[in-house]
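According to TrEMBL:
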type: TRANSMEM; residues: 25-42; note: transmembrane segment
type: DOMAIN; residues: 37-214; note: domain 'Citrate transporter-like'
type: TRANSMEM; residues: 48-66; note: transmembrane segment
type: TRANSMEM; residues: 73-91; note: transmembrane segment
type: TRANSMEM; residues: 103-128; note: transmembrane segment
type: TRANSMEM; residues: 135-154; note: transmembrane segment
type: TRANSMEM; residues: 160-185; note: transmembrane segment
type: TRANSMEM; residues: 197-217; note: transmembrane segment
Amino acid sequence: NKIDEDQLAGKQTGSSRYTAAQENYIYIAFILVFVGLFFKTYLPFDVAALAVTAVIVLMYLNVIDLNDLKNFLNLDALFMLVGVMPLGTAMQNTGAGDLVADFIVSLLGSNPTPLMVLIAFYIAAAFLTQFMSNTATATIFSTLAIVTAMSRGVDPRPFAIAIYAGATAAMLSPTSSPSIAIAFGAGHYKIADVLKACLPLWVIYGVATIFMATFWYPI
């Protein structure tokens, strides 16, 4: 992105490119959008419309312009998210997620230990959440894992903990979460860079999750 020379000069002299009134407009817009996020379930419209409206109003008030939008909007990350988000919905609607879950259970053999089943479900959820939505992953695997645990006479609570924790372990690829995608696009990283930074944390997180779940609710 090109650096705005006026903005750079303002930073060097310690002054702001915005007037006091414009800064107040920014604060008001930010607060309104932030409050809207908390009360989005009560709004008669999507909260995204509130954010877009705030941007349009700030443009009308000459606080920001099209150059600002082009410089600060990461189009690479945006198009990546637009293309990847329907993937999780497609896997859920076509039954591909259920097929994968059933396949994992069949790989464990005829009489696996409860701990083996727990670890297998956690790994499956933590892996598929890199490509599916967290909600879809948790919904598919929590139901199957809990039913499997109860059919074996095992406490289902550690299974629920493992699945929901695994479904939030989305950190291994740009497709796993919006924050990773934004950092990936803005920093011009490679997939290898993301794996190098996040894979050790992903493993530690998994070990800690399994230990905590089985410590509080032994199986």
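Yeah, the Cβs are placed from backbone N, Cα and C, and that goes for glycine too.
Curation does not apply to TrEMBL; its annotations are automatic.
Below 8 A, the CB atoms of the transmembrane segment (48-66) and the transmembrane segment (103-128) form no more than two pairs separated by six or more positions in the chain, fewer than 3 in all. With Cβ pairs under 8 Å as the measure, the transmembrane segment (160-185) is packed most heavily against 197-217, out of 25-42, 135-154, 197-217. Counting residues 6+ beyond its ends, the transmembrane segment (197-217) has Cβ neighbours under 8 Å at 115, 118-119, 122-123, 126, 155, 157-159, 161-162, 165-166, 169, 171-172, 180 in the same chain.
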